Amino acid sequence: MDKLIITGGVRLDGEIRISGAKNSALPILAATLLADGPVTVQNLPHLHDITTMIELFGRMGIEPVIDEKLSVEIDPRTIKTLVAPYELVKTMRASILVLGPMVARFGEAEVALPGGCAIGSRPVDLHIRGLEAMGAIIDVEGGYIKAKAPEGGLRGANFFFDTVSVTGTENIMMAASLANGRSVLQNAAREPEVVDLANFLIAMGAKIHGAGTDTITIDGVKRLGPATYKVMPDRIETGTYLVAAAVTGGRVKVKDTDPTILEAVLLKLQEAGAEVTTGEDWIELNMHGKRPKAVNVRTAPYPAFPTDMQAQFISLNAIAEGTGAVIETIFENRFMHVYEMHRMGAQIQVEGNTAIVTGTEVLKGAPVMATDLRASASLVISALVAQGDTLIDRIYHIDRGYECIEEKLQMLGAKIRRVPG
């Protein structure tokens, strides 16, 4: 199992390119199953979950054609089986996204419940209830969701999401694209990745209005045709490198990104004392060697501050001037990284869903363990500014969401290397 060794104390300085968004690429790949001809998806990030989704298509009898730039062509007409097996989907919650497209396009689907995913405790039940509202007959047995469309296909429906669910919104929107009649999704997720998926579906011929608002209207069509589409840039990767620059007092320009989808994060970085300038597809952050000021953060659904940037801002507050409160309103158990940061000397107190962070001038390198994707990014950021060496274990979590993280940080001057376990 690989590890990262980081020697802190270097101010980041330079330019990097941002990868395509994983959370956009996965639903877009799932949506290719709706097409009745070949579809090309460009700007895919080189990540484990993307590879798993492409491997899943291979198991179904589809033979994706991938080029060296990680553009993939998929022709779903060659599909031979409508089963997404457990051994593939157990590591990837996004596998549930093939459920809606398969039922809508082929009339049935059998998808293993993603690993550790209990019905009711996570919003898988919203996916099921949404499809049932469209007439699908669904059984959950033996760890699989087995779904069939009614005779004549799925029917348009009005559906209200009890809680805002990004993947739930995406799944039902995809299914509704080929349903008979009109569907209206209320309390829908407004994330940019939902809009990106809607734009891809529209490129294939779907009739969708209101993506990016909490009410999405879909008029079902008879067929969706071939298309070529470029995945949007990753806003969380963008934010992570900007925070890394801020924490080290450095200057970073991130290219091939979109400042308009990151406004809540950019405002907080400016509040922390960063000079932020933007262009159409780039953002530059410059701390001019200064130590950041602590900021208060409260996570909430888009367009508010994203939960996936919460851990990175705890790292920022840990070395900032003053005290900042970070309130997590989206997920439980999202402060696992705090206990690893204590090993580096961070002064953080957790009270319920709030982390109160008192900045300290110095963090010390230590052996730490990544616990999940975004928590692992916060440990990397803290290590960049810590005195001495930090050894980060279980970095497969990082590899799930960050393409070539050590190479990109090396381009910015960081002393970081990957070592085999």
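Glycine is treated like the rest: Cβ placed from N, Cα and C.
These come from Swiss-Prot:
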BINDING   LYS22, ASN23  phosphoenolpyruvate binding site
BINDING   ARG93, ARG122, PRO123, VAL124, ASP125, LEU126, ASP308, ILE330  UDP-N-acetyl-alpha-D-glucosamine binding site
MOD_RES   CYS117  2-(S-cysteinyl)pyruvic acid O-phosphothioketal
ACT_SITE  CYS117  active site, proton donor
Position of peak Cβ density within 10 Å, selected from the binding-site residues LYS22, ARG93: LYS22
Candidate with the highest Cβ count within 10 Å, taken from the binding-site residues ASP125, ASP308: ASP308
Alpha-carbon distance [LYS22 (phosphoenolpyruvate binding site); VAL124 (UDP-N-acetyl-alpha-D-glucosamine binding site)] in Å: 20
Alpha-carbon spacing, ASN23 (phosphoenolpyruvate binding site) to ARG93 (UDP-N-acetyl-alpha-D-glucosamine binding site), which is rounded to whole Å: 11
Which of VAL124, LEU126, ILE330, all binding-site residues, has a Cβ with the fewest other Cβ atoms inside 10 Å: ILE330
Other CB atoms, at most 10 A from the CB of ASN23 (phosphoenolpyruvate binding site): 25
